[in-house]
Amino acid sequence: MLGVTPPISTDPPKESDVKSSEALMADLVSLNQFESEQERKVRERLLSNIAQLVSKFVHDVSIKSGMSEKVASEAGGRIYTSGSYRLGVHGPGSDIDTICVCPRHIYKEHFFGEFQDMLRAWPAVTEISAVPSAFVPVMKTVISGVEVDLLFARVNLAEAGDKLDIEKDEILRGVDDASQRSLNGPRVTDMILNLVPDVATFRTALRTIRLWAKKRGIYSNVLGFPGGVAWALLTARICQLYPTAAPATIVGKFFPIYYQWGWPQPVILKKIENGPSNMQHSVWNPKLDRRDMAHRMPVITPAYPSMCSTHNITASTMSIIKKEMLRAMQITDEILKNPGSSWIGLFEKADFFSMYKTYVHVVASASTSEGIKDWSGMVESRIRTLVQDLENTDNILTAHPQVGGISNVFLCLTDEEQAAASQGELTPEVMNRKEEDLGDKEYKKIYTKNFFIGLEIEKKPKDGQGSRVLNLFYPSKKFCAACQNWDKYNEMEMSVILRPAKRSDLPPYCFPDGVPKSKKKTKRAQQNGSADVGMGEGIEEHGQGPSKRSKATPSDESGPQLGAVAESADRAAQSSDFTDPAASSSVNPTLPNGVPVPNGADPTPSISGVKNGVTPDIQPPPGLEGVPPPSKISMSHFATAANGVAGPGEKNTEGLVVLNGPSS
């Protein structure tokens, strides 16, 4: 038995279930959710090159440390993948989370020193951003157009070669906290694959859930929604409860089960264990830890040390998730009543800016393109705390953070325009200004990232007496102070400001045609915030910009003119979510559009005009002459389940992901 309870049903799929699953996969194909053969080969080539580079890195550092050639050659150095790529639910343009596991004589300083230098010498590497002080130290890179996040883990062993088994809990003995967090990425991912009854069915269902969550704006751990790991765990539990079901059935059961779930009853895939003796890693236990007791929707990782993957969920985001699950449940019920009907309605993108009448607008700005990346990321990481403070503010029932944010670049001719850009007060003329319009005039670029929080406001009293004042003084002051306390904050180069806004006063870039949709007053709309909330009283805009920028004068008192229009890469990325369906044993080997589905692996449609089997030329890192290619065992550690999986004891000549069965 997989899971902590017996399955609800072991009935085989009906013909209608198979038909619905075929329709689901056909829709996912039509939504361009599959990685092409060419993209797959690029990723595999890159990972093989990185594996060789890590091996060379460990060897070179070992020699410098005075070790013999024999010992240095045996020191190893291996890479593992985790997240969506390892699970086989990635798609076109998605990144790869890669963990570099090194023996005990290799330190973080070597990784961010010598190894980073080796990466910079590789012509295929076009971007590197190293964050050694992060909670999980990482080097974010772009290699041949593929985003690769490189994490470091140091194990307490003399060698880290093919015999290394990171699935055993003993691997965590003597490692530091950062290495433990890095190692648990692939440990959790692989355990999920081992704890589901059918990997192909699980992957199809998970791809569907991921696409739905992204389209509906509820996929973001940092903002208080479930992230990739949490959605995977939730899907895996339904697969355990219906071990023989078709993918469409898993999706159909997902929404009603979790909509009615008895939260804070945790979702777990296996019994929580305390780990080997004399290990002090903290394990999720609400009976002993009051912080664990406060988790609203606990979804627990199966690998030791078990942790809550949804600890960021707030009262507001929990309410929003449940509303979205209710909507999805109603839609999937209708789809399953008509086998073979389209699933496209499930993936309709949420129209965030029509949901509420009142919003909070946060503008983070910086004077450089590099500066805005780190600064806006830090500001975004504080949004969840702001949401919690807004929840505790009088008259606010729900604070709904928008996922993704909107990025803009403005061309400013004067200090006043720079100030207006950083505070969301630009005129339409400046908002639409382009470089070709300026000729020889000197200008300065201001980079901004805009975040929005929709507010559901308490209804007026029945007697209609008394005014409702939306007082954001405390939460806005606290939020801006927290942002400005960042150790890299530079008041001459960065600023952050927070302000309330009615929907009619939102900046044009929030709407496809530049203006908000006209909306009739409905009962629901009135519940989501009324236009007569007194936003002009008890509110101050908070934020300190560069001292050389003077504050622009608002155009009127009732609603400030906000923001600017430029390119919004974030919204574009958000609208092009990816998901690849996997094949199920209960589904025909060919999709309705003729795309083949071999043995639980993904169909791999060809890029138009490019023949399958032709791999784009990728220049390998310099200095790899004499470094052997990765072994099949090593390849299985960084392979993706999208290529299929091998069972325990099976001959694995392709270097596929190997399933070892559920661990005890």
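All positions are counted from 1 along the displayed chain.
Cβ atoms here come from the backbone N, Cα and C positions, even for glycine.
What you see is a predicted model, and the numbers here were worked out from it, not measured in a lab.
Per TrEMBL, domain 'Poly(A) polymerase nucleotidyltransferase' is recorded for 3-196. For ASP95, ASP97, ASP149, the entry in TrEMBL reads Mg(2+) 2 binding site. Look at TrEMBL and you will find ASP95, ILE96, ASP97, ASP149, TYR219, GLY228, VAL229 tagged as ATP binding site. The domain 'Poly(A) polymerase central' annotation in TrEMBL covers 201-349. Look at TrEMBL and you will find 351-520 tagged as domain 'Poly(A) polymerase RNA-binding'. The annotation region 'Disordered' is assigned in TrEMBL to 507-664. Per TrEMBL, compositional bias 'Polar residues' is recorded for 573-591. TrEMBL lists 618-631 with the feature compositional bias 'Pro residues'.
Of the recorded residues, ASP97 (Mg(2+) 2 binding site) and GLY228 (ATP binding site) place their C-alpha atoms 12 Å from one another. Counting other CB atoms no more than 10 Å from each candidate's CB, the binding-site residues ASP95, ASP97, ASP149 peak at ASP97. A distance of 16 Å separates the Cα atom of ASP149 (Mg(2+) 2 binding site) from that of VAL229 (ATP binding site). Proximity note: of the listed binding-site residues (TYR219, GLY228, VAL229), none has a CA within 10 Å of the CA of ASP95 (Mg(2+) 2 binding site). The Cβ of GLY228 (ATP binding site) has GLY83, SER84, ARG210, TYR219, ASN221 as same-chain neighbours under 8 Å, each 6 or more residues away in sequence.
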